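Chemist: Take this structure, written in structure tokens, and hold onto it; I'll ask about it next.
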Amino acid sequence: MAGRTVRVRGLPAELPPDRVADKLTIHFLRSRNGGGDIAEVRVLPGPAPCALITFEAPEVAQRILKVKNHVLAIGGTRYPLEVTPHAVELSPDEVPRG
């Protein structure tokens, strides 16, 4: 999955994760947003939720990263998104707690 996954921050914490995942899927499928076919969308809930989006092809992830302003519009509210590459290795602050 290296090179095909991006991390998205700036998601609305007040919405259910499945609704956010649906909205992200629609946004990142659109070619005008640089998007393409998506393999998986995982919303990681929390006080500052984020999502991991894995695309079918690495070139789609690279196009997404080149687009400067991703904005998710939900119910009239606009959420500016921060899209960064996602490394497969977990950094120390991302180690799952059990």
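One is the number of the first residue shown, and numbering goes on along the chain from there.
Yeah, the Cβs are placed from backbone N, Cα and C, and that goes for glycine too.
Unlike curated entries, TrEMBL annotations are predicted automatically.
These came from TrEMBL, pasted as-is:
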| type | residues | note |
| --- | --- | --- |
| DOMAIN | 8-83 | domain 'PAR14-like first RRM' |
Chemist: Across the whole of the domain 'PAR14-like first RRM' (8-83), what does the mean pLDDT come to? Round it, please.
Modeler: 94
Chemist: Using DSSP, break the domain 'PAR14-like first RRM' (8-83) down into helix, strand and coil residues and give each count.
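Modeler: The counts are 25 helix, 27 strand, 24 coil.
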